[in-house]
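Q: As annotated in Swiss-Prot:
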REGION    1-27  region 'Disordered'
COMPBIAS  1-13  compositional bias 'Basic residues'
BINDING   GLY132, GLU133, SER134, GLY135, ALA136, GLY137, LYS138, THR139  ATP binding site
MOD_RES   SER360  phosphoserine
REGION    407-489  region 'Actin-binding'
REGION    567-587  region 'Disordered'
DOMAIN    776-965  domain 'TH1'
REGION    952-1072  region 'Disordered'
COMPBIAS  1057-1068  compositional bias 'Pro residues'
REGION    1129-1259  region 'Disordered'
COMPBIAS  1132-1142  compositional bias 'Pro residues'
COMPBIAS  1145-1159  compositional bias 'Polar residues'
COMPBIAS  1185-1197  compositional bias 'Polar residues'
COMPBIAS  1204-1224  compositional bias 'Pro residues'
Amino acid sequence: MAPSKKAGKKVTPKKAAGNNAKSKVAKADWKEGFKKKQVGVTDMTLLTTISNESINENLQKRWTNGEIYTYIGAVLISVNPFRDLGIYTDEVLQRYRGKNRLEVPPHVFSIAESAYYNMNAYHENQCVIISGESGAGKTEAAKQIMQYIAAVSGGQDSGIQEIKDMVLATNPLLESFGCAKTLRNNNSSRHGKYLEIMFNDRGEPVGAQITNYLLEKGRVVGQIENERNFHIFYQFTKAASDEQREAFGLQGPDAYAYTSMSNCLDVQDIDDTRDFEGTINAMQIIGLSPEEQNEIFKMLATILWLGNVQFDENEEGNSVISDTGVTDFVAYLMEVDAATVQKALTTRVMETTRGGRRGSVYDVPLNPSQATSGRDALSKAIYNNLFEWIVAKINVSLKTRSAYSHIIGILDIFGFEIFEDNSFEQLCINYVNEKLQQIFIELTLKTEQEEYVREQIKWTPIKFFNNKVVCDLIEERRPPGIFAALNDACATAHADPTAADNSFIQRSAGLSSNGHFESRGAQFLVRHYAGDVMYNVAGMTDKNKDSLIKDLLDLIGTSGNAFLQNLFPDRPDPNSKKRPPTASDRIKQSAGALVDKLMKSQPSYIRTIKPNGNRSPSEYDTKAILHQIKYLGLQENIRVRRAGFAYRNTFEKMVERFYLLSPKTSYAGEYIWTGDAKSGCEQILKDTGIAKDEWQMGVTKAFIKNPETLFALETMRDRYWHNMAARIQRAFRNYMRYKHECARRIQRFWKNNKEALVYAQVRDYGHQLLAGRKERRRFSLLSYRRFMGDYLDISGKSSLGEEIGEACSLGREPVKFSASARLLVSKLGRSSKPSPRYIVLTPKAVYIVIVTAKDGQAMFSLERKIALVTIKSIQMSTLRDDWFTLNLGPTEEGDPVLSCYFKTEFVTHLMQLTQAGINFNIAPTIEYTKKKEKKAQIKFVKDETIPKDDVYKSHTVHVPSGEPADSVSRPPAKRKAGVVRPITQGKLLRAGGPSKPNNSRPRPTAQPLPGQSKPAVATPSVVSTPAAAAVVSKPKPAASTPAAVRAPAVTPAARSVPPPPPPPPPARAEPEKEMYRAKFDFQGQEGEMSLTKDDEVELIEKDENGWWLVKKDGVEAWAPYNYLERIAPKAAPAPPPPPARPRPTSTVPKPPLSSTTADASAKPVAVFPGMGASNGGPTPWKKSAATTDSTPNSSRPGSAAAKVPPPVAAKPKPPVVAPKPGVPKPGGKPALPTTARPAPSGGGAAAGRLGGGGGGPGQLDLAAALAKRAQRIADED
């Protein structure tokens, strides 16, 4: 609503406030001071004095202030503003959605919301009855109710949306064909309609049906001065297309007698051209085909041209057609013979009967007056049947597509009419309004008081006028009423309308005994509830017969237009002796059916009032409105409402609706009350805290006095489900937090171990390559053995690695494998002898590097580079030795024969790089090619006298027995059980484990609801134990590690050292509360926490809107978050340190710089995560990110059939997982060091590299570190 401006006050436009200006809260606060103040009372039951004058004064105050709606309890009073107040926008509509009438100002949307809510909540049909004078705003109210229901009824299905569109499209279509301008209303409904919208059990519209009542067809052929015909005629004549004008000979509205006789062609605020476009669009939405639309317009053109047929009187006094060209065009439109049209309009066929047998047939000429009546009768019949056809077509389109459960009906019917000349049409209209008033009285006054007496409710009777006596005066048969007298007059003098009218006058004289009827010769007076109306008898019996003469029906029967013939499906049977139903019969039958429908639904009332007869937005006619207040019975309605009860229902339905509100009648959503429905209903009302004077218990029903009480019950019921939903959501969120915490733990473990999995996959691939054909060394099968590849750390840029990389000129080429090895070297005149080397494997080649001494410095040089594409096969023996040969093609240098501790890993990486394109042979002997293509062979012999490794001498390798050939890696060693932190973040468990279930209150047995035959099946109570319940356990003693897995001790002294006791577990911490301290003073309002500076509060819940739920002294309330600062949690006491463990003494001798042979202890036993470097310092476990897999550029020949495809061994670099802010991590691992590893000890890089023997000094340092690690594991075990 726009802010009101005071006179003479300058209003400065406000500047935009950036993004904050878009906030809904800020916008509402800005408007708070500009809201229009309420004038008068919104509910007239609150008036201090109850009189017609006080009601009128309250309505006038509100209407003058632009507030046209006022309540009397649940009845809405609407005063037509005759202007657009902007109160039907989408924004206003949304404010009424889901609100009861006490939460928002009075509005027609509130009535629509109440009807829709009650239908869904109570599963009862609803109807909205709109009554009032013509021009009071009934049609507009019905349109807004339909608009609201279409907006809130949901349903995204295309079929449901189509139903909504078609329901809304009926408004412009029926307004065009059924509304006209009258002296009192520019858009007066000249018919009545009852729209029934069908809904499924989800509250979605699935169909609709329209019932039409009493179209004022007489308006087609005549209107009084300054009124108009139906809108469609002016729309059609003004906005028809050129094709239509050509086909139908169409001209402007001034060219036709039916549209120009009242001298009113245009109406202010009505655009006929624009409305015609809306009519065409509505026809398309409803589903009328272009052919059907064309036939409709042809019928309209036929009616217009029929009105232009004029009659002259000849010498004999008979009628003749003035212009036969008009009748010729009418015959063209009706597709009949022109002569037949002329004859049907100017003559009448009369048939005589004699003794019940057919006699002679005569053509009786008609005088001009009779011919004009026949012409008008034909026009009225065509238009009336056309309107009925359109309504039937709409109902076919709106037919339900699926099953429906409930209905909302909207009654928009003609208002009470009092004119200077009142005839049969006004009698029927006022009769229907009398019936509606009777329904209002029956349901709101008479029936209600009778129910109070029947239910023995304390009640003060209210006197009121019951208009049933007026309804009986019009519709009763015995004694005969007005309609019965009309029918008798038509039956006795059916041939002569004048004689029939005189007969009716005589018969109606007998009705004078009724105090509400008065006969005055050719007129009679009826005292309606809305006032006294004088009716003229002339022509009333003819209108009551409402039938075409046989000649005109025969004319239509000869038409070649099938559409025209379909408009008249029922032809009277000339041989039938049964009297055809009259217009009064049909209107009485329709009104009775309407009353039956309305009585089967729960009604909502809208009483419309017309403020003046000039359609002025500023004129308030106090006298006219006071008259409407009186005949609408608003004063009696207020008295009954104040003395009565707003809501009543049977005990069974009350219990079924509200049993959830009492803990004695419900448990976990089940009905548990064992008493009768009445006692259960009384228990519910007591437990909800409702005052005793607000409700009474009757014989079969419970009565609630004020609607506020009912709304409170509904709010509590809605909150019950909301609270239950919140509990379920809270439990689900706890479950999700628990689940996410478990997932995070798994993810952390995975991030810390996923690289190890990659290395283990490569190791398993190595097992597949060997395929149980070669004996294994025990240390090759350790569970912690990983195929890490680059043992010389060439990719890591260590000092040794840089030297080797420069010697090989690797550049950016990634290194897949590097280690120390021995190469079998042949010397002139001497037997071959192993010599230390370094071997490097890249995706392109194998590099063999030799170290020589020059001037006391180590010099690295590339001895040989072997391209991978030149390697044909690899050979190994079946024993546990370390020898293998790379068989190449014809070369001068021959095949290299190498001995390497990591031979299996080298072969595995080589097979991966070549996609298993190399033959891999394992046999008791290996063959290789020496220089100049000389063949040689090495034999392998088992020799148990060899203490360890193997010994080469004269092409024979002596090797001890190893592990069986089918051996695989040992399973991972069991870690020592420590104190596991329980997963309690989701609050599913208390710290320390789950609590025992509370069995203090047994689960009640479910009972059947009142009206049910079988009790509801009780859901078994299932107590589920979360998976986190078992995570807190006492530390178990470490299981002994098998000898095959545990590394041997190095010295006896180390074995004698007892293992240290495990550290004590940390004290079990109580659940940590998140505490905050107030930074400033804060004065809270209702629902807010008042704070004093330095107050300490416990945080319960955070909300995104800036308010936090806190707890202080056992009270929970909301506080602004920026007034609080967190109190740092107290650090948990550290556990006592474990006793110091004596450091084992290593007996591994440090290799001298001049050593040239490998020491036996230099053999690597395993590769462990976090193993020491050559100098005993820490070494990162993961490989460098520079190491990647690649494939040789050239393709290789096919390999042997026994090849195993390598697994994908990608090595992603794990991201560093940072701890969550604000969450302490006691005992967490420190971050990995980011600096480079220190250089090996022993007197500098050169000194460390000049070591000889076996695997080289670098390998010796590595072996020493491994030995220390093995000793440490042995000590721990």
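Keep in mind that glycine also has a Cβ here, set from the backbone N, Cα and C atoms.
Because the structure is a prediction, the values reported are computed rather than measured.
Describe each of these features in terms of where it is and what it packs against.
A: In sequence order, SER78, ASN80, THR608, LYS610 constitute the residues six or more apart from GLY137 (ATP binding site) in its chain with CB-CB distances below 8 Å.
When secondary structure is read from DSSP and collapsed to three states, SER360 (phosphoserine) falls in the strand class.
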Q: Is it possible to get the count of other C-beta atoms within 10 angstroms of the C-beta of GLY135 (ATP binding site)?
A: 23
Q: How many Å separate the Cα atoms of GLY132 (ATP binding site) and SER360 (phosphoserine)?
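A: One finds 54 Å between the Cα atoms of these residues.
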Q: What other residues of this chain sit with their CB within 8 A of the center of the CB atoms of GLY132, GLU133, SER134, GLY135, ALA136, GLY137, LYS138, THR139, the recorded ATP site?
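A: Apart from the listed residues, the neighbours are ASN80, ASN185, SER188, GLY415, THR608, LYS610.
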Q: Average the per-residue pLDDT over the domain 'TH1' (776-965) and send me the rounded value.
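A: For the domain 'TH1' (776-965), the model's average pLDDT rounds to 90.
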Q: Between SER134 (ATP binding site) and SER360 (phosphoserine), how far is it from one CA atom to the other, in Å?
A: 50
Q: Based on Cβ atoms within 10 Å, give me the single least packed residue among the recorded positions SER134, THR139, SER360.
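A: Fewest other Cβ atoms within 10 Å, among the recorded positions SER134, THR139, SER360, is found for SER360.
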Q: If you measure from the CA of SER360 (phosphoserine) out to 10 Å, which binding-site residues from the list GLU133, GLY135, ALA136, LYS138, THR139 are inside that radius?
A: none
Q: Using DSSP, what is the helix/strand/coil residue split across the region 'Actin-binding' (407-489)?
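A: Split into helix, strand and coil, the region 'Actin-binding' (407-489) gives 47 helix, 8 strand, 28 coil.
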Q: Under 8 Å Cβ-Cβ from ALA136 (ATP binding site), six or more apart in the same chain: what's there?
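A: Result: SER78, ASN80, GLY415, THR608, ILE609, LYS610.
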